[in-house]
Each structure stands twice: as C-alpha cells, then as structure tokens.
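J.: Feature table excerpt (TrEMBL):
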- 1-10: compositional bias 'Polar residues' (COMPBIAS)
- 29-44: compositional bias 'Basic and acidic residues' (COMPBIAS)
- 91-120: compositional bias 'Basic and acidic residues' (COMPBIAS)
- 146-156: compositional bias 'Basic residues' (COMPBIAS)
- 5-109: domain 'FAM192A/Fyv6 N-terminal' (DOMAIN)
- 1-20: region 'Disordered' (REGION)
- 29-48: region 'Disordered' (REGION)
- 91-156: region 'Disordered' (REGION)
C-alpha cells in the first residue's frame, strides 16, 4: 500500500516558485536597498551624531521659548505709582458708595421707627382718614385670631 507520501530528499527536481512569490521577494530586497541608500545619504553619520544633532535642535527651541518668556520686564516706579493711584481711587469710590448706602439705610430705619411710634401712640386718625381703624384696634383683632384650637380625642 502506498500512502502517497513523498519525502523531500527523494525528489531531485528543482523547486519551482510562483511568480507572486518572486515579486514579493524582489520588493522586499528593493526596500532593503533603498533604506541602505538613505542611511548613506545622511553623510554616513553615526547614531551618536544624529542624536547629538537632535539634542542641539531641542536645546535651541528651549532657549527660544525662554527668550520669549523673559521678554516681559518688571514695572518701573512710575508705573507702580500710577497703578497704586488707580487702585486707591477705586477704593475711595467704593467707600463713598458704601457710606452713602449706610446713611440712606439709617434714614429709612429712622423713618420706619417714627411711623411705628405714630401708629402705637395712637392718633384716632391714620393717614388723615376718619374711618380707618387705629393701631390698637387692629392689634386686638389679630390677638383674638391667634388662639390655638384644642384637639379632640379622635383627631390624633
């Protein structure tokens, strides 16, 4: 019985390769040659020289950024005095507004107290009208309604 297995060593026929396989090998070889040519194009620089060039470029960019940061200078005495005067004037304006507001608030409170005293001292007429109730009558009306209702046993 023959199994149909043929070992590699028994065949003396040359290996036939597909056209696609040959094309792929040629492309790989062409890419390898192109990369070698590019590396020679750099002037035959070693890896160390390339890294040193990159480091120098980074350092130069860093120095440029520092130069831009140091472009700003400190303020002169005249500029500081001007800014202080502007700050002081704004503080004065704020203080004046605050003072005026507190004065108006005090005036309003005094007027309220005077009106409350007038109502409590009780003139018969409020706002010049004869038919309006006095402050005491209105207070007693509120006092009557302020009683609490008792609970019965069933409301709990």
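In case you wondered, yes, glycine gets a Cβ from its N, Cα and C as well.
Annotations in TrEMBL come from automatic prediction, not curation.
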J.: Same chain only, please: residues at least 6 beyond the ends of the region 'Disordered' (29-48) with a C-beta under 8 Å from a C-beta of the stretch. Say none if there are none.
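T.: For the region 'Disordered' (29-48), there are no sequence-distant neighbours (Cβ-Cβ under 8 Å, at least 6 residues beyond its ends): none.
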J.: Per DSSP, what is the helix/strand/coil residue tally across the compositional bias 'Basic and acidic residues' (91-120)?
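T.: Breakdown, helix to coil: 30 helix, 0 strand, 0 coil.
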J.: Where DSSP helix means H, G or I and strand means E or B, what are the helix, strand and coil counts for the region 'Disordered' (29-48)?
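T.: Its residues fall into 15 helix, 0 strand, 5 coil.
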J.: Quick one: average pLDDT across the domain 'FAM192A/Fyv6 N-terminal' (5-109), no decimals.
T.: 86
